[in-house]
């Protein structure tokens, strides 16, 4: 289903979180790097705080009853994927994202907005391989591809008070984040995690509102020759990438994070090597096979855990939970290979 308004709003939430992390901490919101570093790397507290915020996003949505304002989360599509496909896809996403130094968030959402040569090449590469993979190995829950493009399906979304509330609340949180260093004693260690947690929550809400969390929506986006083609996710460029580019133009010469314990950690490598090309290619294949990349995997795991605890279809949800967990395990295994 084409969801232009929801995806535009979700893209803006993704912009708010990624731009906030950049200006506050001087860090790129690359989920694959955050996950890999948290589990297999330096295990820095800011990484775990950010992941914790992402994990809290679905719980917040469930507790406030805002589910109806979001596109379908696509959890049922996890259950329609075979175990072998999930395991292969997860492994390739993990291996490719680490070998290629990034995923859709780090390269596309953050890197392209900085006109990073590596991110531009990586994004072009993984989108190309994902489109080819989707054509030759289509998702099991989509109609078979045909030889012609199809009309964009009709939009069906009316802005509700709850969606407006989400936007206003998130903008308020972002303003709060930007002013935290001036009125909170963030020199106290127990408060230093707060900015990362809040950014993680906002990023999680952005993934859910945009539809990125849904394997079905991603698969439909990557199959332009399918009757189920859904171009919604392309709109993230308008409210996510372009605003990030504008913000980068404003702060790129400052190169000093607002949080005084942080330092500027934005990548500046210009080289295009075989690791970037191969890693991005593998990532694109894995992303297309499953419709999932690291950020949606983290939020999807949280979504199904909290959904299982509150659902009457306990056994069905446990099966989906097993598949999401298997994907995550294989993704981490793929990341670990690069660490060896």
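Backbone N, Cα and C define each Cβ position, glycine as well.
Annotations in TrEMBL come from automatic prediction, not curation.
According to TrEMBL, the transmembrane segment annotation covers 20-41, 48-70, 82-99, 120-142, 162-184, 196-213, 233-251, 282-306, 318-338.
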Task: Same-chain residues at least 6 beyond the ends of the transmembrane segment (196-213) whose Cβ lies under 8 Å from its Cβ atoms - done: 3, 6-7, 9-18, 20-21, 24-25, 29, 46, 49-58, 60-61, 69-74, 163, 166, 170, 173-174, 176-177, 232-233, 236, 240, 295-296, 299-300, 302-303
Task: the transmembrane segment (233-251) and the transmembrane segment (20-41) contact flag, 3+ Cβ pairs under 8 angstroms - done: yes
- [ ] Mind pulling out the one from 20-41, 48-70, 282-306, 318-338 with the most Cβ pairs under 8 angstroms to the transmembrane segment (120-142)?
- [x] 282-306
